[in-house]
Amino acid sequence: MACCTSSCARTALSTEADEASGVVVTQPPPTYETVVVDARRLRSIRFRINGKMRVVDAATAARMTLGEYLRENEGLTGTKLSCREGGCGACTVLLSVYGAQRRPVNSCLRLLAACDGCEVTTTEGLGTMKAPSPVQRAIADSDASQCGFCTSGMVCALTYALETGKDIEEAIDGNICRCTGYRRILDAARGIDLHNSSSSSSSSSSSSSCSSSDRNSQSTGDIEDLLTPAKLRRTPYYAPRTVDEACAIVAARDVDVVGARTGVGVSKYYDGEVIDRAPRPPVNAIMDISRIAELTRINGASIGAAVTLQDLVEYCEAQRASMDVDSGDRWSTLTAHLVRVANNQVRAVGTVGGNLVLASRFHGFPSDLNLLFHALGATATLVDAAKRSQSELSMDQVWDMDWTGQLLLRINVPPRSDANEIFLSQKVAQRHRNAHAIIHCAARFELDDSDDDSLLLTRAVVCFGGIAGGRVVRAKATEHVLVGSQLGDDVALRRALEALDAVVAAVADSDDGKSTFRRLMVRRLFYKIMLRATASRKAIAPELCLASTFSRRPPISSGSWDVEGAGGDPSQFPVSQVGIHKLSALAQCVGAAQYTDDIPRTKGTLFGAFALAPAIGKLVSVDATKVAAAKNRDVAYVLVASDLLDAGFTLELTDDADAERVLTPVGSDVRHVGERVALVLATDREAAEDAARLVVAAVDRQSEIVLTIEDAIQASSFFDSTPGELVVGDADQAMQDADLVVRGVASCGNQYHFYMETQTCRAAPWRAKGARIDVATQSIATVAATAARCLGVDSALVEARMERAGGGYGGKAGRSVPTACAAACAAVLAGAPVAIALPLTDNMAMLGSRRPHEFRYAAAANSDGTIVAVKGIAYALQGCSSDMGSLADALDVAVSIDGPYRIPNWSVSGYCCRTNTPTNTYCRAPVFFPGHLLIEQVIEAVAGKLGLDAQIVREKNMYKSGDVAIDGQHLSACTLDKCLAEVKAKLPGGYAGLAAEVAAFNARNRYVKRGLAVAPFKYAMSAATGYAARVTVHRDGSVLVQQSGSELGQGLYVKQCQVAALTLGCSMENVTVDSVSSRISTLPTGGSTTSEGNAASVRLACEKLADRMRAVRVKAQLEDAATWHELVAACADAGLDLSAYAVYDGTQKESGVLPGSQPADQPERYVCYGAAASLVEYDALSGEQNVLRTELVTDQGTSLNPNIDAGQAQGAFAMGLGYCTSEEFVWRDDGALLTTGTWEYKPVLAHDIPVVFSVSMLPDTPNKQGIFSSKASGEPAVLAASSVLSALRHAVVAIRADEVGVIRDFDTAPDVLPAPATPAAIAEAAPLEWSRFSFGQLRC
């Protein structure tokens, strides 16, 4: 161990006078430990932010994350705090640690104190509006930013990738974008030549990192004071430089040992903090070991505990590159597996030791490193801090370790023996990247080294993880069978598979519902590894070659978009002009775009956090005693329902009998886990959230809980016992006359909206008990009206307003109201502004999702595939209450269940299910997406029973122009046939050619199958009427547009700007679109009608102004060449009223612009059409599926903004893709939602989108029923994702076809794969008979 420093060594007896007695008391000399503790405790930290030196008190910096500091103290609000657990990437900044190459990190996890000696670069430091960085400029110019909440994090992650040459997809594997679908982001980044740019932001930051001279350049008097009301708590922070110093600190103090602290984003899912609302564990002191050089090195087979995952990946890559080895080499396997651990930001700083200790402390955590090191036979070296004695432990011992007084020093990996070694691993997760293992397997084999060609196994280690919590299970019986056998021996394989019975039996039942899947996958993973191991040494059956390979997704994806055909007449430009970008795109990229929580806070602002009910039943009491006992001076109020009632406020948000409440009062029913029971107000957000967890809500638990549609049916739990009815034609007679009747159940589940900006608002008292509310919402008018109702004041005394929101997708309409009303009530009651930004996990627990649906049907068809009738019962799951008075209709899919198919006879009834789950609401493409998925399952079932290709059945029944839809809509301009033909033609070799290739591929390959499907879709629009607009022209020529819509990333503002500029004849640069306010807005933003509806009203208002100005032009005899400013000046001099208000109500007409009302016998709406073709590949042994190609064609009419609308279609498809594949809700039996946050809920990432993804707009199809001949773009393309689900079904059918006559349990497998098609769902739909697993010809 290193010696102590000279200053520590020079100790002596000290004397101190007792002032009271005057007696001189001799003090004992300080011990070595106390000297080290004092010497290595940081008093201040010094670091740079965007090149500027900062010196901060360390004890308070240990209580604050870097993200909090950047936003609250530096005002650098470009950095967003969304999930606050390192799973979404919105908080990403660049960090150069001690002068090294800067890396991306999650600022929401990084403690500020851990930034000592570092350089931090935010998106604001990379560029400005006047001088953006190449990455910022490329994203803005490529329309790669929509809502923009993720953009600053994307900018930082991509900057790192381009500086280091890292793969773009891998660089953003920790960044979620819900809007764009990633394709534009990837294309933008690939078009940048960063190294040839003159921008200073492209250079490495290492030259400006803090040096030792920097650290000595300022005295303690320069320390920034963080002891504001926002941070009154202090935590000692220690930064030892040697192991000996670390031991001294551990021996003397109770400290949390951290390397990068990334584990806090995970541990909360295993310590009860998320699911059971347990209080956050206290932190007394922190010791950072990342500065101990001995622990940050890799010396041959020794890996220091503080080595980062990224350093380990790079070490493995270097070893792999330096050796001529086959794909079974340990370095290749480790590299491939490690890049799937966590994400780029976590790997950059997260440590090997931290991962292993996390698994040891929380036995449910499925550590990939623990599995890999087990299989490699690694050991761990620990040191007892008090005794300074080292010990070497097995990985099993490490997993069961009590870490009190112990430090992990290193992992010792045995070197590769002289024998021929094969090391392989496989991980099954919910999505390709940034997802923990559901089950994983690793194996190490040693072959007889007497002969290079030997296949004799002399040693076998086979390990499984994820089957019994996080414990690694050795398949010892299987290992015993393998030793002494030959690779490729079918008899040994069969015996080894049988010996896995013990491992299958070890799979524990779990709340996540995946135990059956894990049991299925044990033998599949083992077989895959055996195939790979054998294939690396000898030939195997050709049909098994692909099954022997691991991840087959190409590392680079590509795509294109063709919008020229949807552009408009140049005489109408800038409307419909290609190349018009979002107004705020660059501001979003450089961090200048302001969102609700970015608004500078006024002095005295309080932060709010909700206490949530832990159970379902009668609320007995709400006790804040523990909050008071904590004596946290930051906490100002704990408000319960009675406080609001005593103030004269109304709890109910609507007049409904089952109305949702701001807070649930004692004595009332708690209808779902996560219901709001109290609101804590504090001067610091963290303090409010900590205190909220100390509030104890006692609930007399309800015995019967209704969570699912099946539960609701069993309990007859419906909002209305009288079903809704839909009858078209004579279904009963058609059933009797048909050749075939197919019966089944179609379903689709929940989908969380996953807006990157959680529900956020800020309310301030205004006038007599009124309030002004800044809120992220889609329904500004509903927020204001409901807040006025709750406060008991006139609506005129409440204003709600918003500049922009970080996504919505329907989830910020009614679901934004409860939080805003709570903030308004609290602000008036406290007499101070109140800000609330929900933690993601609270957001998901409180506020519901897309409504799940189920359809129990009978479908009648003829032998040629014509479907003649459908009968059935449809169920929609609403949750525990209405959504601001809106329920799912008893038959809410009545207008959509036909999809794009003409089925002449229907008899359907429907129920709205009442459950003990949060209130569900609309989600992107509501009603139509579920209806489309349900009818597609019917199509697939009919095709299966008839033995026909599902594509034949689709095309046989597809709508044509002149048909009448199920709801009476006349399809007078149906373009389904055109879209279908276009998308088929875009496939390589055409549809027929590609289908033949897929059939040939499936015939050649066992266990790896491809699927191809083409999905037409139909989406009927609501009338885009009732939106108000006011346009004002100022004397200086500037134009202010005030309109009714919420900017959510859909390009609403730029479209209004285009219309105003065209109509007035001015430049778009003259036009400003104002923030939306309840003073003018009366309708919610949704249904993809808002952009065009507001555009119509802006057009009318501008026409009024144009008419007035035209008269002045004539009167003043201005020449045609007069400039805009000259005309405005003349109008102002003439005293002209230059402000106009208008509302498009559907009666106004203008050829090619405003269609006016339709004939009385037709609904006032048009229909969107499109088609998508998707090619997928599924590996039944690994559970991995890849979307290899998607071609999407949409009928966009004449697009208002082709660039924006194409991006909307791409993003819509990606959101639908998540719903169809990876996004699912899992409920615990007591009603707790287990899939909250980014750890368990998995939207698609860049690695999940199609490898080839192209979007085009149908040319020359102006919409005569649309405003400016346009059609909606934000929602219809969601339905296109059903093509992936159908293609997966095709692949599953191919898997099942190989097992027909052998498999015994097809009766338990679903006939048609439901949505979402998760790895578990697909595996259960495609059972395999493991007794047929073989290296050669398949046994029959």
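Backbone N, Cα and C atoms are what each Cβ position is placed from, and that goes for glycine too.
Worth saying up front: this structure is predicted, and the values here are computed from it rather than measured.
Counting every protein chain shown, the Cβ of E1275 (active site, proton acceptor) has 28 other Cβ atoms within 10 Å. Per TrEMBL, active site, proton acceptor is recorded for E1275.
Sequence-distant contacts of C83 ([2Fe-2S] cluster 1 binding site), defined as residues of its own chain at least six apart whose C-beta falls under 8 angstroms from its C-beta, comprise A90, C108, G265, L840, G1237, T1238. Positions annotated as [2Fe-2S] cluster 1 binding site by TrEMBL: C83, C88, C91, C108.
Taking the Cβ of C150 ([2Fe-2S] cluster 2 binding site) as centre and 10 Å as the limit, one finds 31 other Cβ atoms among all the protein chains shown. Summarising the annotation, TrEMBL assigns [2Fe-2S] cluster 2 binding site to C147, C150, C177, C179.
Counting only same-chain residues at least 6 apart in sequence, those with a Cβ under 8 Å from the Cβ of G259 (FAD binding site) are D288, I289, S290, A305, A306, T308, V349, G350, T351, G353, G354. What TrEMBL records for V257, V258, G259, A260, R261, T262, G263, V264, L408, K427 is FAD binding site.
Under the heading Mo-molybdopterin binding site, TrEMBL lists Q778, R924, G1087. Of all Cβ atoms in the shown protein chains, 28 besides its own fall within 10 Å of the Cβ of Q778 (Mo-molybdopterin binding site).
Residues or ranges marked as compositional bias 'Low complexity' by TrEMBL: 197-213.
Feature annotation from TrEMBL assigns domain '2Fe-2S ferredoxin-type' to 43-126. Summarised as a single figure, the pLDDT of the domain '2Fe-2S ferredoxin-type' (43-126) averages 96.
Summarising the annotation, TrEMBL assigns domain 'FAD-binding PCMH-type' to 230-418.
The region 'Disordered' annotation in TrEMBL covers 195-225.
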So of all those binding-site residues, C177, V257, G263, L408, R924, which one's Cα sits nearest to C91 ([2Fe-2S] cluster 1 binding site)? C177
Quick check: of the recorded positions listed here (C88, C147, Q778, G1087, E1275), which one has the Cα closest to that of L408 (FAD binding site)? C88
Counting across all protein chains, other CB atoms within 10 angstroms of the CB of G263 (FAD binding site) number 23
In the structure shown, which of the binding-site residues C88, C108, V257, L408 has the fewest other Cβ atoms within 10 Å? V257
Show, in sequence order, which residues other than Q778, R924, G1087 on the same chain lie with their Cβ within 8 Å of the centre of the Cβ atoms of the Mo-molybdopterin site. G808, Y809, G810, A813, Y922, C923, P926, P1084, T1085, G1086, S1088, G1274, E1275
Those binding-site residues, out of C179, V257, R924, that come within 10 angstroms of C88 ([2Fe-2S] cluster 1 binding site) at the Cα: none
Where DSSP helix means H, G or I and strand means E or B, what are the helix, strand and coil counts for the domain '2Fe-2S ferredoxin-type' (43-126)? 19 helix, 28 strand, 37 coil
Starting from the Cβ centroid of C83, C88, C91, C108, which together make up the recorded [2Fe-2S] cluster 1 site, report each further residue of the same chain whose Cβ lies within 8 Å of that point, ordered by sequence. G67, K80, L81, S82, R84, E85, G86, G87, G89, A90, N106, G153, T1238
Counting across all protein chains present, how many other Cβ atoms fall within 10 Å of the Cβ of R261 (FAD binding site)? 23
Restricting the comparison to the recorded positions C147, C150, C179, G263, E1275, which residue's C-alpha is spatially nearest the C-alpha of Q778 (Mo-molybdopterin binding site)? C147
Here the binding-site residues are C177, C179, V257, G263, and the Cα closest to that of G1087 (Mo-molybdopterin binding site) is found at C179
